[in-house]
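Below is one structure, written out as structure tokens; the observations come after it.
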Amino acid sequence: MQNTTVHGLYFCHPTSIDGNPELLAVSRRSLSRGDHVTFTASQCRPKRLQCCQWHSCTISSTHIPTKDDLGKSFAYLRLLFSLDYTIADVLLIIGGLLFAICAGIPFPLLGIVFGDLINDLNTVTCSSSDRATADLSSAVRAKVLYVIYITIANFCFIYAHSTCWCLVSERLARRYRRRYFESIIKQEAKFIESLPSGDVVSRLVSDIELVQSGTSEKVGLVISTLSYFVAAYVVAFIKVPKIAGMLVSVVPCFFLMALGGGHYIKKFAGRLAEKVNAATSIASSSLSHLTLVHAFNANDRLEKRFAGYLLQSRKDAVRKATTHAAQLGCLYFIAYSANALAFWEGSQMISKSVADGNSGTSVGAVYTVIFVLIDASFILSQVAPFIHVFASAAGASERLLQVINRPSAIDGTSDSGDKTAAFGEEDIRFRDVHFKYPSRPDVPVLQGVTFNIPPKKHTAIVGPSGGGKSTVVALLERFYDPDSGDVLIGDKNFRDINVRYLRGNIGYVQQEPSLLDRTILENIAYGLVCVTEIVDLVKEAAANANALGFIEALPYGFATNVGTAGNQLSGGQKQRIALARALVREPCLLILDEATAALDSTSEQLIQAALNRVSERVTTVSIAHRLATAKNAHKIVVVQSGRVTEEGSHTDLVSRGGVYAEMVRLQNLGKLSLDDRVISGDMISALNATPETRQLLDEKQAFVDGNRSDITEDTVVADTPSDSRDGSEEEARKKRKRTRSAGFVTRYTFALIRPNLHWVLLGLAMSVIIGGSYSAEAIVFGHTVGSLSPCRSAEAISRDGNLYGLLFFILALVEFGANVVGGCAFGWAADKVLYRIRVLSLRSLLGQTVKWHESEDRTPGTLLTYITGDASALGGITGTTIGLLLATAVNLIGGLVISFSIAWKITIVLFPTIPVLLVSGMMKLRVQKQLAERHQKAFAKATAVTIEAVDNIRAVSAFSLEKQSYQVYGRALRGPYRATIKATFHGNAWLALAFSISNLVYALAYWWGSKQIAEGRYSQTQFFIVMPALLFSTQSCGQMFALAPDISKAGVASSNIVELLTTRSAEDEVTPGSSHSFQPSSSMGAQLRDVHFTYPHRPERPVLKGLNIDIKPGQFCALVGPSGSGKSTTFAMLERFYRPNAGAVVIDGVDVTRQVGTEFRDDIALVPQQNILFEGTVAFNVALGACPGHEPTQEEIEEACRMANIHDVIMTLPQGYQTMCSHDGKQFSGGQRQRLSIARALVRKPRLLLLDESTSALDVESEKRIQEALATLAGRTTVVAIAHRLNTIHRADQIFLIEDGRCIEQGTHQQLIQRSETYRTSVIHQSLET
């Protein structure tokens, strides 16, 4: 192949989905993304990557069914033949059906062979002639060969039907995945937002897994089981009709037990899962927002709520354990009772035959009937759970098909509609538009909105939050259609315009930027539609969005991956990328929804200048709370309560003295002198041109959100050790972890279990009884078979039949009692231990420092596994798992002791087969489990692609990325599908071998046993004691090996839990030299003295460089400065989320960096930049801010909400303060969430209040009300605010100007205007004076 030189950027995507490196090739005329297969199909054909930077690059080219489940099963056939099935699918289904039927027949045939072998043994026992011995040897050899032939056929049939059904399920699941994604990605926003929270994830993960599980090898197993059942009864009725008829009663007994028990287990398990999930949600939110939890010392309140949900689940957990134990006890009782009945009736029939002197009923015939019917009935009872699986699969397919077959009301992939609308040339008109969101149909959002948007002009929409501004934008993008009224461009209705064409003419920047988990280059380039010139356009757009500087400063530049939801970037950085994505397509209509809200005033001014240049040739619609960004608009529309109250230019609206004029008055920073304006005007031009300014724009923004370590605007996070003190503490913890022995872990784990040891001991005692009962059964079984020999008298046969039938029934009662008592004891113990571990784990996690949470690649998700994974694994080992282990161990030891003591010569030959049977049992269970787990894990990343697309559905729709997202999803499916198919072929071979190999061991046992009996070394009774005692018990012990992964997980979990619970928090460690206590006063003072600080994960970039500020008690102070200068980090120091590398943080005269404990936080309240709500009522979220130990009254909560201007909004809700908040609080607007955060801080009645951009999302009126409330705190509360809106802090007693980690200037607003050109420039940028 000939080499090709291509100019551009080539790099390898680091996270390939299917194991093949994913490549992205960008030339100046094309953008290509794909793996090796994709590129080899193209003309370029790259084989390897030779560069990763800009230059000329040469490339060498189980559950039980209910009545509803049974009803749903009738839809199962529609599932198998749904979604464009092919002839290959039909052939696989037919082949799987026929092979499964054939696979059920060999087992009854083996029952006949084994019964004939017993008759042969009876013959040689009754006659000791040489001829009888020779005949026996010949007969045994023939029958052993039959067993071998049947086993081989059985292996082939099982492998064939398992493979066929696995292929059917994988092909069907892939079709469902593709079609569901294709449908969901093109649905309108109204439908997506009407779905319950997590519905799409549930459909993709749960429902498609149900479809896959319900059409997999389980179908073949059920069909073969039904075939086995039918064949078994045919054989039984041919052999001994009377006993067969009696044992028919076993079938309904098994089914009644399974149906009744399964119904209640499902009921209690559902309730249990609901409450545990609620508790897990609390834990997840707490870990995700740890800084807020620490700020309010809310550990105890959240732990109490977490424990409350777990306590509510206790009753259902106990009921579930009791029901499961009773079900298991009934299962064994029915099986042993059926044995007692069958052997007793068989003994009477054989006794009568002997008394009458005819052949009649033979022992072998009785054995065959019991062997095949008890086993068939037992196995058939195991079919019951699969009925639920199949019904669930049918129900899941119906739910999926509802979406798959649903036509989208606003389809962005359709080619229908008008494509001639002249965007940028004609007016856009709203004409009497009314609208309500589907989630709130009783709340009108727009009520007769009418206004025009002139072409190639800038129209700004302003007004209070919740007034309907963003809804206007949503209608322009046609995320929704109006309930009534029209949106027109010229004379064309938006409803009649092709959706893809409409959105292709619009550039859209959301209030909360949405980025996909791709590179920066791709995220910006997604704004292009059918454009070949990419790289230059992307760079130009990035420059216009003031993003080029920080992008090129990143280690991988435009090739940097932004992470899930852009979490590798700061808020300002994401906003600039989103802006560049909108600008790159050079739209006819540019929509900006608070596009510069996260930027400082200088950055905002530079971007605003670029937008002003763009608006000269583009129709621009902007939404803004900062009126400084809207005052130069050609037209301003004031939207209030869903209506247009005013419209006109800035000058006109101010002169009218209406709503807009009042908003301007509230935001105006004060009138500067003419000289100030002239000087500042000259300075602006100079400042915009200086390298220092651009450097400031690229500075990192530290501690951006309140729940994680902050990500700068210039680097992607990399884990690095922190300062020397924290580093030494971490090393000490690692050393303690290494020195903790297995004995220490065991002792600590035992201490966790000790309070419930009596339940565990009771369960262990029952396990010993259960394990011993298997050996007892072998003894009874051997004597029963021996007592039925026709060589004995009729009276002896009848007498012993009564005795051993009674013994079997006694065993049934013992098994029932032991399983019920043991199951309940273990279930209760496991639940209590699990509760204790989960609560202690959450307590320890919330008690660790922020630094600990950020080290060693810890994330909220991985830490949550202590509660969900490790606690469950450790709790499980204290439950039925340990009981099963002990029972199987007793069973195996008892079997070996009995076998060697009764017939050691038989045992010594069969003993080497024990590992074979153990591995057989292990593989049968393990392969089935691994196939299910592999399938689930393989498609996890493909599911993540869908979740990302749905979470960012507005961005996907706005930039017409539906087809591109579908292609990404298709690539994500390709590798996992191939891997799963490959695993199916070799996995099913192990499964078939596991089901078949035990028959060969039985053949060896009968051959060797018959040889020993024929030679007179052992009796038939001894042989039939040894065989079940050794082989049956050994085969059941294979479960012990299948439990090995669970045991291993429990061991690892035990070590993890002990390490967590014994890890001391650094908050409890005090540096010698300070032991002062805090003295309450009316307000709190604070000083930062020569503070130096570097974030642990960015040691090469100091954030604070000798910061000195002095906050006097009772003052209102403000921190201002460019993004990344260290303002939020200052708050982190005051809250002691981190300890400084050097310097002191003094609060009320006490250096808190040297102080033990966190009691000082009781007098501090924080309003973080990110508005965070926890799952719970509104009242709970507000009360969370109260001081530890104090439960605020309803009056205190309402007072705080009134001060935050949110009380009236809460009272309009149907449930008022008892309204439930979701974990993300999405049912509230951004401004409402911010006001709830402020109320949470105010209910604390703090002496020091920290406000980090606390009014950035508020309208002017709400901002005014909160400013008034803060004014009432003067004197008794020290207030420190970080703000980009300078009008919110211009009355501050002291303003600290922070730049590059230092305080470069301080003073009042008027003093800084006179002394600081930087501050004066920011004031002028935000001034609304004309």
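Cβ atoms are placed via backbone N, Cα and C, with glycine included.
Annotation comment: Swiss-Prot describes 94-392 as domain 'ABC transmembrane type-1 1', evidence class sequence analysis.
Among the features that Swiss-Prot reports, domain 'ABC transporter 1' is placed at 428-666, with the record citing sequence analysis.
Marked as domain 'ABC transmembrane type-1 2' by Swiss-Prot on the basis of sequence analysis: 761-1049.
Residues annotated as domain 'ABC transporter 2' in Swiss-Prot, with sequence analysis given as evidence: 1086-1325.
Taken from Swiss-Prot, the feature region 'Disordered' applies to 717-736.
What Swiss-Prot lists as transmembrane segment is 90-110 (among others), and the listing cites sequence analysis.
The transmembrane segment annotation in Swiss-Prot covers 144-164 (among others). If one looks beyond the transmembrane segment (144-164) by at least 6 residues along the same chain, the residues whose Cβ comes under 8 Å of a Cβ in the stretch are 92-93, 95-97, 99-100, 102-103, 106-107, 109-110, 113, 217, 220-221, 223-224, 984-985, 988-989, 991-993, 995-997, 999-1000, 1002-1004, 1006-1007.
Feature annotation from Swiss-Prot assigns transmembrane segment to 218-238 (among others); the stated evidence is sequence analysis.
Feature annotation from Swiss-Prot assigns transmembrane segment to 243-263 (among others); the stated evidence is sequence analysis.
If you look up Swiss-Prot, you'll see 324-344 (among others) marked as transmembrane segment.
Among the features that Swiss-Prot reports, transmembrane segment is placed at 370-390 (among others).
What Swiss-Prot records for 761-781 (among others) is transmembrane segment.
The feature transmembrane segment is assigned by Swiss-Prot to 806-826 (among others).
The transmembrane segment feature in Swiss-Prot is assigned to 871-893 (among others); the stated evidence is sequence analysis.
Per Swiss-Prot, the feature transmembrane segment maps to 903-923 (among others); the stated evidence is sequence analysis.
Sequence annotations record features per position, and here Swiss-Prot assigns transmembrane segment to 989-1009 (among others) based on sequence analysis.
With respect to Cβ pairs under 8 Å, the transmembrane segment (806-826) is most closely packed against 324-344, considering the stretches 324-344, 761-781, 989-1009.
Sequence-distant contacts of the transmembrane segment (324-344) (same chain, at least 6 residues past either end, Cβ-Cβ under 8 Å): 243, 246-247, 250, 253-254, 257-258, 261-262, 265, 366, 369-370, 373-374, 377-378, 381, 777, 784, 788, 801-802, 804-809, 811-813, 815-824, 827.
A Cβ distance under 8 Å defines the sequence-distant neighbours of the transmembrane segment (761-781), meaning residues of its chain 6+ beyond its ends; these are 336, 804, 807-808, 811, 814-815, 818-819, 821-823, 825-826, 829, 882-884, 886-891, 894-895, 897-898, 1024-1026, 1028-1029, 1032-1033, 1036. Over the domain 'ABC transporter 1' (428-666) the predicted model carries a mean pLDDT of 82.
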